[in-house]
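All remarks here apply to the structure that follows.
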Number of protein chains: 2
Amino acid sequence: MRVKIGLLGLGTVGTGTAQILLDPWGRNPILKDIEIKRVGVRSPSKSRQVQVSPEVITTDLEQIVIDPEIDIVVELLGGLEPARSLILQAIAHKKHIVTANKAVIARYGDEIYEAANQAGVYVLLEAAVGGGIPIIKPLKQSLGANRIKSIVGIVNGTTNYILTQMTAAGADFGEVLAEAQKLGYAEADPTADVDGWDAADKIAILASIGFAGRVKREDIYCEGIRQISAADITYADKLGFVIKLLAIAEGSKGDDSETLQVRVHPTLVAKDHPLASINGVYNAILVTGEPLGQVMFFGPGAGAGPTASAVVSDIMNIVGILKSSGGQPQGLDPLLSVTHQHYCSLTAVEDLKTRFYARFLCQDVPGVIGHLGTCFGRHNVSLESVVQIGYQDQLAEIVVVTHEVREGNFRQALGEIEQSEAISSIPSVLRVL
Amino acid sequence: MRVKIGLLGLGTVGTGTAQILLDPWGRNPILKDIEIKRVGVRSPSKSRQVQVSPEVITTDLEQIVIDPEIDIVVELLGGLEPARSLILQAIAHKKHIVTANKAVIARYGDEIYEAANQAGVYVLLEAAVGGGIPIIKPLKQSLGANRIKSIVGIVNGTTNYILTQMTAAGADFGEVLAEAQKLGYAEADPTADVDGWDAADKIAILASIGFAGRVKREDIYCEGIRQISAADITYADKLGFVIKLLAIAEGSKGDDSETLQVRVHPTLVAKDHPLASINGVYNAILVTGEPLGQVMFFGPGAGAGPTASAVVSDIMNIVGILKSSGGQPQGLDPLLSVTHQHYCSLTAVEDLKTRFYARFLCQDVPGVIGHLGTCFGRHNVSLESVVQIGYQDQLAEIVVVTHEVREGNFRQALGEIEQSEAISSIPSVLRVL
């Protein structure tokens, strides 16, 4: 039995995918039963790194998603449209879907899964999070026996590269970003990466699977790394931390309720924490569950080869199911499909309980530290340390680390502190893992 | 549709498994469709940490594996017999098998898989390697698009705990082993762990899956950690390494041949290597493939909860397949079953190409280093460094690190060096990753 696929897009990941499929030697033998029936591209005459026979290539993407001979549509266009419409149209024509498109799933996952469940087809998306790292399938299948407590990940390679370089070179954000753009690790418009949106898309997907509920993408608290300075990295280092952009989903289950906190922000991570040593463009995802404890998945979070590896693993998964059912699966495997329909109730960031790091520039007058302590105390914010760390432009630089406090209280205290004459500015406020 | 399971064994892992199955709240809802039909134990009156209704418990294990109502037999007895016979009998009665038994699969996997494929049932064993870490299923499914190049793992928690403690405390093997036995991290008879046999069972299983061929367990080169001294750990540290017991499978594919090297031995690992920071009872497995690059899986390698998490994930996997096929799968999913029948050709350890670390105790006479260099050179062993590191009992202590050399040549050189009068002894020879 041969399974026919239609490929939408022949960019970096599409090319990597076709390269694996056209060169199955030494890989899982199931690949030999897969045929690329059609490849949809924008510019058919463009020269490419892979030899796809010209008669397979078309610019008519719709023709692919309705082709009765195609079993699996592999969407590698990226972006919201026409990806969303083509996926929905393919589902309506009973095609299984494999996609690497985190943006479309994070925003339209509900609509897409609902359509897929009605049509009895799979929508697999291993490549959407963590590039080549197997995380979606392990989370669905291997960790499903657990009560998931948290998912904490470094899921954006660009920002991890920038923070790693800033740490290694003591350089500021702007310089390192420019260098990363030169090297191709950051895009010309780096917004989606450096402002945390890409990481938010990914944690929306992971949270939805791990906590078995829908997550509204727009409710995710999201803070990027533009404001991180070389000074903060140095002070964090002195305190025993590195700064990482973390995507975090934490659940707390009461007897009849379940609340979820989903957020993306730069975070101080203790140097002996497993995520602290994940450097460069690598990604890692740490999952905590009961009774499992902690497992971590580490690997290349982007790139043609790793992402194509994940795309092809999803194709293989569907081919395996088709082969074992003579091409006609009677129903969907509940561990591979996504059937939850309720929305997780997300806690507002004000109710987050976390430790904070904050840096203040103050007039160098007696009593400033006492004043800070009093303000924080008034709002129930308990301090772990207050250290005057140096001088800058004749202002005293003071770094505060709190115990675990409610974010709302901390913000109120900050608001009050900002008003005081002795405080010139608050250049940075960061959470501590 | 409810799926009925029979549990063989209610020890640590059996109890953990029953605890998850009897308390499904907050876990994957598929668990609610699983019923523990029978539990086979040796002493039914023993008090246990889990409430299984007494009428479910039996001492007649055979009755379980032939029970027509049971769909899945979960073998958690450990050891070779009666585990092997009961598994084969269960397969003959068309039961799917879930097992945590690395010893039985490493030795009798061929017989068991052959029977299972004929009967059309699955044999899943996620818990057999890496405890709660998802590695078997990712290797079968998620990484299958790759040409696997190597699998390198810290897969035995006991020895990793011992080496970590030796490194932290500067203590010798004997002391730390005694302490580990007191803490329950090592067994009264620690042979299977400290001599590397358990790690060899596990790498046999991983190699067989990753390289899609049978691996003869008895052909695996296996060296334990008994001979590691505090001195070696100190010298390794000075040279920038930590010592880890690694299980390694490395393939090299020629145009018409494929050879595999599978081995377990203590190894010097560079401190910035991802495996160097895996400490205590944790396990980690690093897989290198093309086009993926490297991914690492890290987590708790043993313990009731983690191992039970893996056992239950396998049960869930089969339940998912049964549910999606109305209880009657038409065939086996080729990605989940093990169908290869050829044996991998294993390279002899003499043909291994690796770097070496060796420590010599020599008479403190001029020309000793020159003599060492000449002997090694005669056998084509190129040296990276030769350092006289100190004195011990009036003998000079010399540490040699080689470039990558053929093990056979290195051993011949060592044999010649041992004969020289100037060399008193060679207390340790270790490979370098």
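One is the number of the first residue shown, and numbering goes on along the chain from there.
Yeah, the Cβs are placed from backbone N, Cα and C, and that goes for glycine too.
Quick look at what TrEMBL lists:
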type	residues	note
BINDING	B:Leu8, B:Gly9, B:Leu10, B:Gly11, B:Thr12, B:Val13, B:Gly14, B:Thr15	NADP(+) binding site
BINDING	B:Lys102	NADPH binding site
BINDING	B:Glu187	L-homoserine binding site
ACT_SITE	B:Lys202	active site, proton donor
DOMAIN	B:357-433	domain 'ACT'
Hey, how far is B:Glu187 (L-homoserine binding site) from B:Gly9 (NADP(+) binding site), Cα to Cα, in Å? 19
Tell me the Cβ neighbour count for B:Lys202 (active site, proton donor), meaning other Cβ atoms within 10 Å of its Cβ, over all protein chains shown. 26
As a test of reading the model: what is the averaged pLDDT for the domain 'ACT' (B:357-433)? 92
Within 10 Å of B:Lys202 (active site, proton donor), Cα to Cα, which of the binding-site residues B:Gly9, B:Thr12, B:Gly14, B:Lys102 are there? B:Lys102
B:Gly11 (NADP(+) binding site), DSSP three-state class -> coil
Fewest other Cβ atoms within 10 Å: which of the binding-site residues B:Gly11, B:Gly14 wins that one? Let me know. B:Gly11
Can you check which residues sit near B:Val13 (NADP(+) binding site), meaning Cβ under 8 Å from its Cβ, same chain, 6 or more apart in sequence, and list them in order? B:Leu76, B:Ala100, B:Ala127, B:Ala304, B:Thr307, B:Ala308, B:Val311
Taking only the Cα atoms, work out how far B:Leu8 (NADP(+) binding site) lies from B:Lys102 (NADPH binding site), in Å, as a whole number. 15
Let me check the 10 A CB neighbour count of B:Lys102 (NADPH binding site). How many other CB atoms are there? 23
Under a three-state reading of DSSP, tell me whether B:Lys102 (NADPH binding site) is helix, strand or coil. helix
